[in-house]
Each structure stands twice: as C-alpha cells, then as structure tokens.
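K.L.:
Questions regarding the structure given below will be posed in turn.
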Amino acid sequence: MFSYVYNGATWIYVVLMSKMQEAEAGIGAKQIPDVSESLFSTLDIVLIAIIVGGVGWYFLNKRKQEKENAAKRTYSIQPTSMNLQTSLDNSFIKKLKTSGRSLVVFYGSQTGTGEEFAGRLAKEGGRYRMKGMVADPEECDMEELVSLKSIPSSLAVFCLATYGEGDPTDNAMEFYEWLQNGDADLSGLNYAVFGLGNKTYEHYNEVAIYVDKRLEELGATRVFELGLGDDDANIEDDFITWKDRFWPAVCEHFGIESTGEEVSMRQYRLEEFGENLPERIFTGEMARLHSLKSQRPPYDAKNPFVSKILVNRELHKTGERSCMHIEFDIEGSKMRYEAGDHLAVYPINNSELVEKIGKLTGKNLDTIFTLINTDEESSKKHPFPCPCSYRTALTHYLDITGNPRTHVLKELSEYCSDQADKDKLKLMAGTSAEGKALYQKFINDDNRNIVHILEDIKSCKPALDHLCELLPRLQPRYYSISSSPKLNPNSVHITAVVVEYETPTGRINKGVATTWLAKKLPKEAEDLPTVPIFIRKSQFRLPSKTQTPILMIGPGTGLAPFRGFIQERNSAKQEGKPVGETILYFGCRKKNEDYIYQEELEEYERSGLLKLHLAFSRDQPEKVYVSHCLEKNADELWSVISENNGNIYICGDAKTMANDVRNIILKVIQEKGSLTEQQASAYMKKMETQKRLSTDVWS
C-alpha cells in the first residue's frame with residue numbers, strides 16, 4: 001500500500017522501485033518469461049498512465065493560469081530600456097557629440113594627481129580649438145574607443161598612474177584588463193599617454209608603458225611620444241615639459257594652430273548661502289550625507305567605517321621621535337582583512353592652518369557655499385561634497401599641506417597687488433630654466449604649502465572659493481596592517497611614526513594623519529576617540545603552505561606587516577601545523593631607543609618560531625644596516641631561495657633600503673647560482689611573477 005501524501009511523480013517512482021525490488025528478489029529463483037509479467041501487471045500500467053496524465057494536466061493548467069494572471073497586471077518590466085539607459089549614461093561618445101567636443105582625457109588616479117593633470121589638459125584644449133572633456137574610465141564604456149574615429153579630428157589622452165607592484169589604479173583596472181584580454185580594432189583612434197610613477201619603485205610607470213604599447217598594437221595612432229612623470233623627483237616639471245611639446249605635435253598632426261588666447265582654468269561657479277540655508281549640508285562625509293553618523297556596510301573609500309580607537313600606545317622607549325601602536329575596533333563592521341593588507345585612515349587638517357587661511361583670505365569660514373561644475377556633461381558635479389562650509393572644505397576635503405603645483409601659482413598670480421609678487425609667481429609657473437629652478441627652491445626644497453606662500457607673498461589675496469577649486473583633494477593615508485585576523489579578528493593594528501620636521505624657512509611641518517592620530521588617546525571605555533577607516537586589499541601575502549620558509553626584511557616601521565605574518569605563523573604552529581623557517585631581518589637606530597615590539601619578537605624567538613637578525617645602526621661607531629646583515633648571511637638567503645623554494649619579503653623605504661636589498665639578492669643569486677647578471681635578473685623576475693619575491697614599500 002502507498003500513502004497518498006506523495007505527488008504523482010513520487011508515486012510513480014515508488015511503484016517503479018517496488019516492482020524493481022520484487023524482480024531483483026526473485027531473479028535467482030527463476031527466469032522471467034516476458035516483460036509485462038516480470039515487472040507490471042495490466043492494472044499497474046493503467047494506474048501509471050492515469051497518474052502521468054493527471055500530473056501533466058496539472059502543470060499545463062498551472063502555467064496557463066500564470067500567463068492569464070500576468071496579462072492582467074498593470075505594470076511591465078522592460079530590462080531592455082534599463083540597459084539602454086545605463087549604456088547612454090556611460091557613453092562618452094554621446095557626450096562628446098552632443099557638446100561639440102573632440103578631445104577626451106581619461107585618468108587613472110589613486111591620489112588625485114592624474115585627475116588634476118587630465119583636467120589641465122582638457123581645459124587647455126580650448127586654446128587649440130579642441131574642446132575637451134575629462135573622463136573616468138570606470139564610469140565609461142571603454143569599448144566605445146573603437147568608435148571615437150567617428151568624431152572628426154578626435155583625440156584620446158590617457159593620464160595613468162602606476163602604484164603597488166606595477167598595478168593600475170582602482171578606477172582604471174577594468175580598462176587595463178580590457179586591453180589585456182581583448183583584441184578590439186582601434187585603427188583610426190588618435191591617442192597620447194602620460195604616465196605618473198616613481199623611479200624608486202621596481203615597476204616604474206609600468207601601466208602607462210603597457211597602455212601606450214598596447215594601443216599601438218591594436219591599430220591606434222600615437223600622436224605624441226609617451227610621457228613619464230617621476231614623483232620622486234619633480235613630476236610637475238615632467239608634466240609641463242611633456243605638455244609644452246605635446247601641443248605643438250597635436251597642432252601639426254591635425255593641421256591646427258593655437259588661438260594664442262589665455263584659457264580660464266576655472267571649472268566651477270560659486271554659490272554662497274546667507275540666511276536661507278540648504279537642507280543638505282555636508283560636514284565631512286566622503287559621499288553620502290550623514291554617512292559618518294548613520295553607518296551601513298559595505299565600507300570602502302566612499303563609505304568609511306567610523307572605528308573606535310581601543311589602544312594608542314608609544315613604542316619608542318626614549319628619544320625625540322614618536323612611534324604609535326594603534327588598535328582600531330572593527331567588531332560588527334563586517335570588514336575582513338588578511339595579514340599584509342592596508343588600512344586607510346581619513347585624517348583632518350590642523351585647525352590652526354585652517355584658521356590661518358581664513359584670515360589670509362579675509363573670509364568667514366562658517367559661510368555655507370557650493371561649487372557647481374560649469375560643464376554640464378561632466379559626471380563630476382562638484383570638486384568635493386557640496387554644499388558645505390569653507391571650514392569643512394579646508395578641514396576635511398582639501399590638501400592644504402602639500403607643495404602647490406605650478407598651475408596653482410599661475411592662478412594665484414592674478415590676485416597679487418604687487419607687480420614683483422605677480423612676476424615671481426608667474427616665473428615659477430612658467431617653463432623657463434630660471435622659473436623651474438626657482439620653483440624647485442622656493443616650493444619643493446623649502447617645503448612651502450599654501451599657507452606659507454600666502455604668508456610670504458603678502459600682496460596675494462586670492463578668493464577663497466577659487467583656492468578651494470585649485471587645491472587637490474585631501475587623500476586617505478595608507479598603513480600596512482600590523483596584525484593577523486587569526487589573533488585579532490575584531491581589531492586591526494597599525495604602526496606609525498609621528499612625522500614632524502623643521503623646514504629651511506624655520507617652520508615646523510607636521511604629518512597630517514600622524515599628528516592628528518597622536519592626539520586620539522583612549523581614556524574612558526565609554527567615550528573612545530573615533531576615526532573613519534576602510535581596508536584596502538593587498539598582494540602582499542604569506543605562502544598558502546605554512547611549511548614554506550619565509551625571509552622578511554623590514555627595518556623600522558617596515559616591521560609592521562611582518563608582525564601580522566609572525567602572528568599568523570605562530571597561530572598555525574599552535575594548531576599543530578608544520579611551520580617552515582621564519583626569518584626576520586629588523587633594524588633601527590638604537591636598541592634601547594626605537595627597537596619596536598622587542599618583547600614580542602624575543603618571545604617568538606625563544607619559542608623557536610622566529611629566527612632574528614638585528615641591526616642597530618647607531619649603537620657602534622660604524623653604521624650597520626639590515627642590508628649588511630643580509631649580505632653576511634648569503635648562504636642562508638640562497639638556502640631559502642633555491643634549496644627550500646621559500647618566499648622573500650621586503651617592506652620599508654623604497655629609495656635606499658629596498659633598492660640595496662634587491663641588489664644583494666641579485667648578487668647572491670648570481671654568485672651562488674653560478675649565473676650571469678642577466679640570468680640572475682631573469683630568475684628574480686620569475687620569483688616576482690610567482691609571488692616568491694614581494695615588496696611593500698614607500699618613497
């Protein structure tokens with residue numbers, strides 16, 4: 001007997017299984033003479049037919065009913081029109097055509113400099129009868145590059161920064177991958193590329209070099225040679241030198257001439273509010289109004305998590321310098337991190353500098369204002385969240401401590417009442433050898449920020465709204481995470497030296513983020529200081545197998561990510577997993593002064609997890625650095641690299657330490673491996689490709 005709670009299909013399945021089991025049970029007793037008799041009787045077949053028919057009728061009737069109900073509904077879904085709208089919004093070709101433009105300048109920017117350069121090029125296009133538009137590749141359908149040739153005398157310029165291990169910036173990642181993986185026909189596309197990089201890094205300007213080469217491979221026409229800007233030297237000088245040769249090449253290519261007219265660099269119009277204030281006023285949020293008060297995940301650069309500081313303690317034992325160990329609470333944020341990732345901190349500017357700007361420009365900082373883009377086709381309606389007060393803009397949104405670039409000085413010159421002051425600023429903004437030398441000395445070498453310039457060039461009284469348009473955005477500061485989620489799942493740690501130094505003009509310059517963080521000391525559990533943060537993923541990773549040997553080189557705060565690595569390896573060891581050799585090269589000035597995390601490291605060494613090589617540069621007459629220790633232990637280094645197939649990690653200063661260490665590794669590979677310099681270099685490149693040689697460095 002069968003239960004009628006089964007539906008038709010299940011009932012058939014049970015009948016069949018029952019019959020099969022009966023047949024299998026009797027198979028050894030006798031042969032089955034015919035099929036109908038062996039499995040089903042006539043009654044069984046009739047019953048199955050009735051059930052199959054009933055089930056079929058049920059489903060057909062149900063589908064018919066659903067169609068009738070759908071036809072009665074008063075609304076309809078039209079995905080085609082929605083997709084079309086999205087496509088139109090992302091169409092830079094449409095925007096160029098409707099606004100009568102022929103120049104589009106794309107930017108790949110992590111800190112804002114690439115975007116700034118793109119804006120300057122687009123503006124200057126008007127001087128050469130090429131109306132320009134700035135575009136973010138992340139917000140554009142970059143496949144439309146194949147159609148740009150449909151616009152007469154059109155030109156695409158790419159201002160692309162390289163960061164990390166030769167990586168494109170976040171907003172240029174999809175475009176970069178499209179070039180790598182696609183084979184679009186870009187014949188008829190006119191282009192030029194300017195790269196933003198830093199020569200102290202191994203992969204100097206790799207993104208711009210690749211894009212320039214790849215566009216040509218796909219059939220595009222290079223209008224002017226690739227420009228390479230070096231931020232370690234003077235990227236502003238590199239840019240204007242390239243730009244001043246770029247425009248004549250553009251004129252020659254398209255058969256056009258300069259109008260000779262000065263182009264106003266103003267992109268935004270001002271609106272100030274008196275008594276009738278707008279309902280929406282930003283107070284420091286990155287994108288969404290009230291996002292710092294009404295928090296909701298996911299958290300990223302546009303929506304940082306407001307984290308409580310649980311611990312902020314001094315790591316240096318004595319001395320004038322200060323190094324902070326800070327622990328941020330991420331419990332409940334749903335943010336996850338891995339050892340080797342970076343923590344981004346959104347700082348605020350020093351209030352004294354903000355007040356000085358207000359006094360020097362003669363403006364009430366509590367005035368609410370907004371800057372509105374005069375280019376209606378631009379996706380960027382405001383330079384920063386607007387409307388807000390001038391105080392909010394100068395405190396949260398604008399970089400007031402950096403060295404201003406030449407275009408800023410050129411605009412400032414128009415506000416000088418003294419001719420000598422005007423001439424000085426114009427000279428520094430120009431391209432003459434004398435002007436470049438003066439800019440290098442007065443701005444870069446003397447480390448003058450906008451406050452210092454207005455203090456020293458006394459007749460310069462710019463409009464504050466124009467200054468807000470000219471100054472670049474205040475960027476988040478990134479720190480290598482110095483903890484492991486295995487040990488600290490609900491908190492993330494950083495290690496940071498407080499930046500403070502005297503300039504040649506006798507002023508004291510202070511690091512924006514570190515001096516601000518140094519004051520955020522947790523005193524009472526009920527009233528902990530807070531900081532907006534988010535986590536940026538990194539490629540700086542431990543090997544997947546715990547038994548793989550690792551050798552880490554990290555002097556000073558370069559130790560930060562390795563503290564997380566060591567915590568992770570120790571956790572694996574405590575779980576009973578096999579852990580390979582874990583070697584650390586650490587150095588600082590003096591053992592009794594700035595040997596950070598000394599107790600932790602020595603405890604790991606006593607437990608047998610860690611092998612330590614230490615260099616205290618100023619504890620003896622001759623300075624000793626980690627590079628010297630590494631060179632002395634060439635056999636150990638070669639053993640990790642060759643015999644044990646281990647991983648090498650470098651973290652710290654890119655210009656000197658990292659470069660010295662790389663040269664030592666190259667030398668050891670060459671000598672111990674009996675290779676030529678070229679073969680040793682190829683070996684290192686292969687290690688990098690396999691992620692067996694990784695760097696996390698800064699300039």
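Yeah, the Cβs are placed from backbone N, Cα and C, and that goes for glycine too.
The transmembrane segment annotation in TrEMBL covers 39-60. Positions annotated as domain 'Flavodoxin-like' by TrEMBL: 103-247. Taken from TrEMBL, the feature FMN binding site applies to 109-114, 161-164, 196-205, D231. Sequence annotations record features per position, and here TrEMBL assigns domain 'FAD-binding FR-type' to 302-543. Summarising the annotation, TrEMBL assigns NADP(+) binding site to R321, T557, S617, R618, D660. The feature FAD binding site is assigned by TrEMBL to R477, Y478, Y479, S480, T495, A496, V497, Y501, G511, V512, A513, T514, W698.
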K.L.:
Within its own chain, what residues at least 6 apart in sequence put their Cβ under 8 Å from the Cβ of T495 (FAD binding site), listed in sequence order?
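P.N.:
Non-local contacts for T495 (FAD binding site): L315, C323, M324, H325, I326, Y479, S480, S482, T557, L559, A560, R563, I596.
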K.L.:
Roughly how many Å separate the Cα of R321 (NADP(+) binding site) from that of W698 (FAD binding site), to the nearest whole number?
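P.N.:
Rounded to a whole number, the Cα-Cα distance is 19 Å.
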K.L.:
Quick one: of the binding-site residues R477, A513, R618, W698, which has its CA closest to the CA of Y201 (FMN binding site)?
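P.N.:
Smallest Cα separation from Y201 (FMN binding site) among R477, A513, R618, W698: W698.
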K.L.:
By CA distance, which of the binding-site residues (S109, G112, A161, G164, S617) lies nearest to A513 (FAD binding site)?
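P.N.:
Answer for the nearest of the binding-site residues: G112.
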K.L.:
Measuring CB to CB from W698 (FAD binding site), give everything in the same chain under 8 Å that is also at least six residues away in sequence.
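P.N.:
Sequence-distant Cβ neighbours: G652, D653, A654.
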K.L.:
Quick check on the domain 'Flavodoxin-like' (103-247): DSSP residue counts for helix, strand, coil, in that order please.
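P.N.:
Reading the DSSP string over the domain 'Flavodoxin-like' (103-247) gives 65 helix, 35 strand, 45 coil.
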K.L.:
Could you measure the widest C-alpha to C-alpha distance across R321, T557, S617, R618, D660, the residues recorded as binding NADP(+), and give it to a whole number of angstrom?
P.N.:
25
K.L.:
Taking the residues the record says bind FAD (R477, Y478, Y479, S480, T495, A496, V497, Y501, G511, V512, A513, T514, W698), how far apart in Å are the two Cα atoms that sit farthest from each other?
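P.N.:
Among the residues the record ties to FAD, max Cα distance equals 23 Å.
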K.L.:
Could you check which of the binding-site residues (G112, A161, N198, R477) sits closest to D660 (NADP(+) binding site), going Cα to Cα?
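P.N.:
With Cα distances computed to D660 (NADP(+) binding site), the winner among G112, A161, N198, R477 is N198.
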K.L.:
Say you check the Cα of G511 (FAD binding site) against those of the binding-site residues N198, Y204, S617, R618; which is nearest?
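P.N.:
Checking each of N198, Y204, S617, R618 against G511 (FAD binding site), the shortest Cα distance is to N198.
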K.L.:
State the count of C-beta atoms found within 10 angstroms of the C-beta of A513 (FAD binding site), not counting that atom itself.
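P.N.:
Around the Cβ of A513 (FAD binding site), 22 other Cβ atoms lie within 10 Å.
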K.L.:
Could you tell me which of these binding-site residues, Y201, Y204, has the greatest number of Cβ atoms within 10 Å of its own Cβ?
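P.N.:
It comes out as Y201.
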